[in-house]
Amino acid sequence: MPSRKFADGEVVRGRWPGSSLYYEVEILSHDSGSQLYTVKYKDGTELELKESDIKPLTSFRQRKSGSASSSPSRRRGSRSRSRSRSPGRPPRSSRRSASASHQADIKEMRKEVLEVKLTPLVLKPFGNSISRYNGETERTERGGMPHRHAEEKFHVSEERSYVSAQYSLRPRREEIKETDSKEENIVTTTRSASPRTSEAPATQTKDLEFGGVPGVLLIMLGLPACLCLLLLMCEQKEPSLLNFPPPLPAWQDLWETRVFGVYVLWFLMQALFYLLPVGKVVEGMPLADGRRLKYRLNGFCALLLTSAVIGAAVFWGADLHYVYGHFLQFALAAAAFSLGLSVYLAVRAAGAPPGALAPSSSGNAIYDFFIGRELNPRIGTFDLKYFCELRPGLIGWVVVNLAMLLAEMRLQNRAAPSLAMTLVNSFQLLYVVDALWNEEALLTTMDITHDGFGFMLAFGDLAWVPFIYSFQAFYLVGHPNEVSWPMASLIIALKLCGYVIFRGANSQKNAFRKNPADPKLAHLKTIHTSTGKDLLVSGWWGFVRHPNYLGDLLMALAWSLPCVTPAAPWSLVHVS
């Protein structure tokens with residue numbers, strides 16, 4: 001067994017994880033099994049470090065400044081060479097004093113090393129959000145007093161105090177003014193722990209997602225085509241992805257103005273429900289300038305009101321079979337509406353201030369049209385992105401499923417819906433109810449906090465969700481399938497298993513993002529990254545990297561299994 005190099009109680013330099021910076025630490029203990037040292041920083045932070053990340057203090061001692069330059073005029077306190085005095089110059093004694101003082105400052109700058117004082121980040125619950133997000137500290141402290149952003153600076157002299165950095169090792173850029181003598185320009189680089197609104201953001205080159213501009217162009221052209229292709233294939237007698245694509249129908253079978261009008265009316269009705277003064281109002285995550293937008297949580301109320309309106313319409317003679325008979329036209333109407341909305345968002349974002357832009361925006365017009373340029377586009381208090389995330393698409397999904405259930409009963413002459421259709425409707429209704437009941441959790445997702453509102457979210461929320469997620473119900477109308485009760489029991493068990501994983505993981509993630517200091521989360525383990533973010537590595541997030549996605553996949557499988565005939569287990573290809 002290898003012997004330990006450092007003893008308990010010894011003061012050394014330890015490397016901060018995720019960076020190349022070393023700080024003074026005290027050795028607390030050593031684990032002979034893992035060969036890790038438990039060290040304690042001056043601020044009280046305790047971490048486990050490898051032996052390779054620890055160095056003795058002697059390795060950081062500075063060389064004397066006397067050997068830094070062979071020129072006498074460069075040495076601290078040395079006299080500059082004599083030269084004739086001109087009438088415009090100040091007296092020699094004052095010039096020599098200023099020059100010597102300036103040279104001393106230069107030498108001190110060269111000698112000193114970067115010093116960062118680490119202070120523990122104390123988080124307190126605040127409404128529905130956390131006090132720190134993505135490495136950004138809250139702008140107000142206890143009592144509502146303003147809080148200055150934590151910074152890291154070079155330690156220039158003993159008179160200059162350095163401020164503490166809240167576990168962020170990325171310094172802000174700041175230039176020291178040139179001296180009147182202009183003999184040397186001294187530039188110290190520091191970075192702010194959180195962005196300042198008064199400073200222009202630094203220009204940086206970042207990799208674009210989705211393959212950049214060519215990739216997003218293909219996606220914007222391919223998504224509507226894929227939507228249309230899948231729906232046309234599903235209407236075939238034996239639909240399969242292995243078959244040749246069906247021919248496009250005539251234009252009148254693809255577009256109908258009346259259908260588009262019905263979709264616009266649906267959108268406006270959901271917007272009206274969104275504006276109703278019911279439900280509690282909560283604050284979202286802190287923005288770059290420290291503000292928190294307010295959101296009204298009444299999505300579940302909107303679902304109940306929609307159910308009442310649809311029930312009344314059916315009672316008074318409205319025929320929901322119209323949705324099934326014009327399903328492709330409704331899908332294309334939603335795609336056209338989302339395209340028009342994306343154009344509006346792009347036009348209004350052109351005049352948006354820099355502080356309103358999304359972190360995902362790039363400055364490229366095509367890419368930003370797809371990903372979204374403005375983070376929180378609002379018309380007054382009406383938040384367009386937040387509204388579209390849950391209301392028209394998810395609630396529309398439920399209405400489409402109900403229309404398919406009634407269409408199955410009519411076309412197949414059933415007195416009651418089939419077990420397969422009942423399972424699909426029940427499973428997906430539970431998914432929508434869960435999303436609307438836990439509407440507040442949406443405020444901590446990447447869609448709200450990071451991505452702008454552009455074609456990607458508009459098309460996904462308004463067209464893809466209601467017309468592709470209802471694919472199983474649409475398939476069962478023209479392709480009846482009988483599911484036995486033993487098979488149905490297994491499918492229900494799979495659905496419940498996926499739901500437990502999905503809801504548990506998402507609830508844990510949302511609670512951690514809202515308030516990492518919540519005592520209920522004290523049992524969870526995290527790792528700190530150099531970007532200032534903490535990552536969960538225990539609980540649901542200790543099993544797999546994305547347990548919420550695992551639960552989603554299991555539920556999606558349970559949605560599709562009722563469409564599979566026992567004699568053709570590979571027919572999942574037909575509906576996937």
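Just so it is clear, glycine is given a Cβ too, placed from its N, Cα and C backbone atoms.
Automatic prediction, not curation, is the source of TrEMBL annotations.
Features reported for this protein in TrEMBL:
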- 4-62: domain 'Tudor' (DOMAIN)
- 51-105: region 'Disordered' (REGION)
- 73-86: compositional bias 'Basic residues' (COMPBIAS)
- 127-148: region 'Disordered' (REGION)
- 135-148: compositional bias 'Basic and acidic residues' (COMPBIAS)
- 174-205: region 'Disordered' (REGION)
- 174-185: compositional bias 'Basic and acidic residues' (COMPBIAS)
- 186-205: compositional bias 'Polar residues' (COMPBIAS)
- 215-234: transmembrane segment (TRANSMEM)
- 254-276: transmembrane segment (TRANSMEM)
- 297-318: transmembrane segment (TRANSMEM)
- 324-347: transmembrane segment (TRANSMEM)
- 453-477: transmembrane segment (TRANSMEM)
- 483-502: transmembrane segment (TRANSMEM)
- Task: Decide whether the stretches the transmembrane segment (453-477) and the transmembrane segment (483-502) have at least 3 CB pairs under 8 angstroms, with pairs required to be 6 or more apart in sequence.
- Result: no
- Message: If you average per-residue pLDDT over the domain 'Tudor' (4-62), what number do you get?
- Response: 83
- Task: Residue list, the transmembrane segment (324-347) vs rest of chain: Cβ under 8 Å, 6 or more residues beyond ends.
- Result: 224, 227-228, 231-232, 249, 253-256, 259-260, 262-264, 267, 365, 368-369, 372-374, 377, 384, 388, 400, 403-404, 407, 453-455, 458-459, 461-463, 466-467, 474, 477
- Go through 215-234, 297-318, 483-502 and flag the stretch with the largest number of C-beta pairs under 8 Å relative to the transmembrane segment (254-276). 297-318
- Helix-strand-coil residue split for the domain 'Tudor' (4-62), DSSP-based: 7 helix, 28 strand, 24 coil
